[in-house]
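Here is what TrEMBL records for this protein:
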type: DOMAIN; residues: 5-22; note: domain 'Cytosolic fatty-acid binding proteins'
């Protein structure tokens with residue numbers, strides 16, 4: 001269940017339907033399409049620092065402790081409060097209009113976001 005590492009975007013499924021479902025503005029949706037995001041995860045027990053590095057130098061960092069409310073930021077830049085839980089080895093967070101899970105599967109970071117039945121899956125390979 002060790003999440004620590006650096007992961008590079010490998011592929012995704014159902015991106016366009018998902019970003020449309022959650023109302024992501026078209027300019028932000030276009031920036032995120034097939035974006036080579038590098039996700040860096042530092043885990044120390046139940047404490048996490050989860051950083052996404054986007055091409056062009058933009059970075060988003062969420063710091064949280066499993067089971068405790070934390071300040072978070074969505075993929076669209078919206079700030080909110082959430083409590084990340086651990087369920088069956090997966091990190092689970094309820095964002096304002098979708099549920100997000102993250103797990104390590106076969107050495108890859110697999111993230112699934114679901115909103116009103118629309119499922120978006122992003123897979124990233126470990127690079128460090």
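Just so you know, glycine gets a Cβ as well, placed from its N, Cα and C.
Bear in mind that the values here come from a model prediction, so they are computed numbers and not experimental data.
Taken residue by residue, the domain 'Cytosolic fatty-acid binding proteins' (5-22) breaks down under DSSP into 7 helix, 9 strand, 2 coil. Predicted-model confidence for the domain 'Cytosolic fatty-acid binding proteins' (5-22) is 94, expressed as mean pLDDT.
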